[in-house]
Amino acid sequence: MSPELICFFLCALSAPNLSGGDVLLPAPQSISVLSTNMKHFLTWSPVIIQGATVRYSVEFQGEYEREHAAGSWIPVSECSLTTATLCDVTQDISAGAAYRLRVRAELGAASSPWGTAEGFFTRAMTSLTPPQLRVLADGQHLLVELADMGPSFQFRVLYWRKGQESRVQQKELREVSSVVHLDTMEAGAEYCVKAQTHVQAINRSSSFSPTQCVRAQGDTSLWLVTALISSIGFAVAALTLPLLTWKISKIFQYCFCPTAVLPDTLKEPEPPTQLILRGSEEAEQCDLTVVVVPSEEVLQLWIQKAL
């Protein structure tokens, strides 16, 4: 039992007729700050009074109050006369300065001494956890869904094709409102994703989340058939391209550089000497075959034929 509780019970036994305002309350113990992902909570152990409900009030002191306001303390309105043993001080610890926090117990008009958390607390002391994510494959689209952690958080997402870890790609996400498209995957390939949070206000990052992998939807055999058809088409094009080029060149040659053919009227005639020679030869041949017959013989031959 703590010394404060022992003192309380001794005082209660020695002064049983004291009014409620004279009751002595021990200060709360085990005061600490729990801070995760920029959410800060002051916690303490309860003060237990048999048959009574003890309430608590919390105050904080920032750098300004210590240096310019005579060391004053500011009450946390959400945690005034609360029965809980936990107080959300996130909105009160909004700057990068060092804060002190304290709490006291109250029962009726009686109040305990203030119990103060040990040391100073700054928001940079918060613990950052990896983000909660879900990796999806919609056809050949690589998608990621991240849980919203508030406006202070950014996300660094790393993704890669499995087996190609040296070619990791990165995407920075400042706002997460829905599912985010990362990349287009190759059919049948497996891709992996991991992410971490980053808070610019304190310039700190969390560790990476566990790696999650998904396989692109689609049949690998279909991809192979497509590749085969593409290869055949390329080979056919490679074979027909020279023939097509030659044919086109012929067409262009016919259109722009046709072969000129002279008409017969523009052709050079044969030399006239050849015509003269041919004529003389025919004349000579005719002279050789002509036989001169006297008129008497001609008449005698006619008479013979007549008889």
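Backbone N, Cα and C define each Cβ position, glycine as well.
Bear in mind that the values here come from a model prediction, so they are computed numbers and not experimental data.
Copied from TrEMBL, the annotated features are:
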DOMAIN    6-114  domain 'Fibronectin type-III'
DOMAIN    143-216  domain 'Interferon/interleukin receptor'
SIGNAL    1-21  signal peptide
TRANSMEM  222-244  transmembrane segment
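The average pLDDT for the domain 'Interferon/interleukin receptor' (143-216) in the predicted structure is 93. Across the domain 'Interferon/interleukin receptor' (143-216), the DSSP tally of helix, strand and coil residues reads 3 helix, 39 strand, 32 coil. Helix first, then strand, then coil: DSSP counts for the domain 'Fibronectin type-III' (6-114) stand at 18 helix, 45 strand, 46 coil.
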